[in-house]
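Okay, structure first, notes after.
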Amino acid sequence: MNKKKFLFFLMGPTAIGKSSLALEIKKKFPLIELISVDSKLVYKGLNIGTDKPNKSDLKNFSYKLVNIVKPKNIYTVINFYNDVLKEIKNILKSGKIPLLVGGTMLYFKILLNGFANLPPSNSIIRKYIFKNICLKKKKNLFNLLKKIDPISSKKIHINDVQRVLRAVEVFFVSGGFPLSELIKFFHNKLPYKVFQFGLIPDNKEHLYKKIEKRFFFMLKSGFKKEVQNLYNQKFLDPKLPSMNSIGYKQMLLYLKNKYTYFQMIKETIKSTHKLVKHQLTWLKKWPNIIFIKDNKKDLLITKIYKILNRNL
């Protein structure tokens with residue numbers, strides 16, 4: 001394997017300082033390129049509530065997979081998988097080293113191991129496709145399959161309505177990926193050496209206090225106005241993944257007079273604490289990972305320096 005075919009993972013719970021540390025690493029090692037592994041940073045306009053790096057840092061450090069979709073769109077794990085593989089290949093091809101940083105643990109897992117199964121069947125979507133889109137006609141259903149997935153349409157007979165419907169359903173459930181493409185992702189393990197680091201709290205109570213302090217800072221920085229502006233875009237459904245994010249969901253309920261201001265703050269902090277516990281549970285079970293405590297971040301920079309020296 002080519003010596004340069006390796007990359008870094010930097011994982012950790014929310015608010016622990018992953019992004020700022022990643023930017024510091026990028027400053028010290030220009031050879032490194034940053035890729036975000038965060039299911040919310042992909043959305044444009046979700047800035048304050050996601051603690052997104054500022055415009056200057058995003059531009060100067062070429063942070064990948066940030067601000068790539070509109071909040072009215074649904075960005076799935078399959079979208080991420082497809083996008084991140086392209087970014088990794090492009091970075092390695094340019095002779096640089098990818099550093100993937102974030103807290104969306106499912107994304108990291110899928111990237112490492114590929115997909116184990118197709119998206120689960122959804123009876124509501126199946127009925128809607130057949131009744132409303134195809135008007136209960138198998139010819140219309142098959143023509144739709146030919147349009148969205150011509151490869152699968154050549155392998156499935158028009159009279160096999162269940163298989164045709166399943167192939168069409170997969171396209172819609174996956175966020176626009178043909179069945180013939182998804183199959184390629186099955187158990188498709190990442191073909192590069194990965195050095196994995198987990199940034200963990202030295203003191204969880206300190207992290208929880210940091211979360212509270214950060215959210216109050218977000219409120220002072222105009223978070224309410226940010227959510228109000230998003231909500232004023234009438235095409236934005238509160239149930240969309242973008243608007244269902246922690247903080248945005250609670251602020252929307254406050255703006256709709258379903259929460260008091262105090263309830264909004266309390267529920268946001270409570271949900272963030274729950275997310276942190278979930279992320280730390282993932283990390284505890286994560287194989288082949290080097291843990292770095294958040295009060296010893298310089299140790300990570302030293303380790304990366306040694307790895308770069310050994311492998312370049």
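Glycine residues also receive a Cβ, built from the backbone N, Cα and C atoms like all the rest.
As annotated by Swiss-Prot, ATP binding site applies to Gly12, Pro13, Thr14, Ala15, Ile16, Gly17, Lys18, Ser19, with the evidence given as sequence analysis. Shown in sequence order, Gly103, Ile211, Thr272, Leu275, Val276, Gln279 are the residues of the chain, 6+ apart in sequence, with a C-beta less than 8 angstroms from the C-beta of Thr14 (ATP binding site).
Residues near Ser19 (ATP binding site) in space but far in sequence (CB under 8 A, at least 6 apart, same chain), listed by position: Asp51, Pro53, Val101. DSSP classifies Ser19 (ATP binding site) as helix under the three-state reduction. Residues annotated as substrate binding site in Swiss-Prot, with sequence analysis given as evidence: Thr14, Ala15, Ile16, Gly17, Lys18, Ser19.
Under 8 Å from some Cβ of the region 'Interaction with substrate tRNA' (38-41) lie the Cβ atoms of residues 50, 52, 65-67, 75, 80, 102-104, 107, 241-242, 245, all in the same chain and six or more residues away from its ends. Taken from Swiss-Prot, the feature region 'Interaction with substrate tRNA' applies to 38-41 (among others).
Annotation source Swiss-Prot lists site 'Interaction with substrate tRNA' at Thr104 (among others). Its Cβ placed at the centre, Thr104 (site 'Interaction with substrate tRNA') has 21 other Cβ atoms within 10 Å.
Taken from Swiss-Prot, the feature site 'Interaction with substrate tRNA' covers Arg126 (among others), and the record attributes it to sequence analysis. Counting every protein chain shown, the Cβ of Arg126 (site 'Interaction with substrate tRNA') has 17 other Cβ atoms within 10 Å. Secondary structure at Arg126 (site 'Interaction with substrate tRNA'), taken from DSSP and collapsed to helix, strand or coil, is helix.
Mapped onto DSSP helix, strand and coil, the region 'Interaction with substrate tRNA' (162-166) counts 5 helix, 0 strand, 0 coil. Among the features that Swiss-Prot reports, region 'Interaction with substrate tRNA' is placed at 162-166 (among others), with the record citing sequence analysis.
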Distant-in-sequence neighbours of the region 'Interaction with substrate tRNA' (162-166), which means Cβ under 8 A and at least six residues beyond its ends: 121, 126, 129-130, 138, 141-142, 145, 156, 179
For the region 'Interaction with substrate tRNA' (38-41), the number of residues DSSP places in helix, strand and coil: 0 helix, 0 strand, 4 coil
For the C-alpha pair, I'd like the distance in angstrom between Ala15 (ATP binding site) and Thr104 (site 'Interaction with substrate tRNA'), rounded off. 13
Using C-alpha positions only, work out which of the binding-site residues Gly12, Ile16, Gly17, Lys18 is nearest to Arg126 (site 'Interaction with substrate tRNA'). Gly12
Additional residues surrounding ATP, by Cβ distance to the Gly12, Pro13, Thr14, Ala15, Ile16, Gly17, Lys18, Ser19 centre under 8 Å: Gly103, Leu199, Asp294
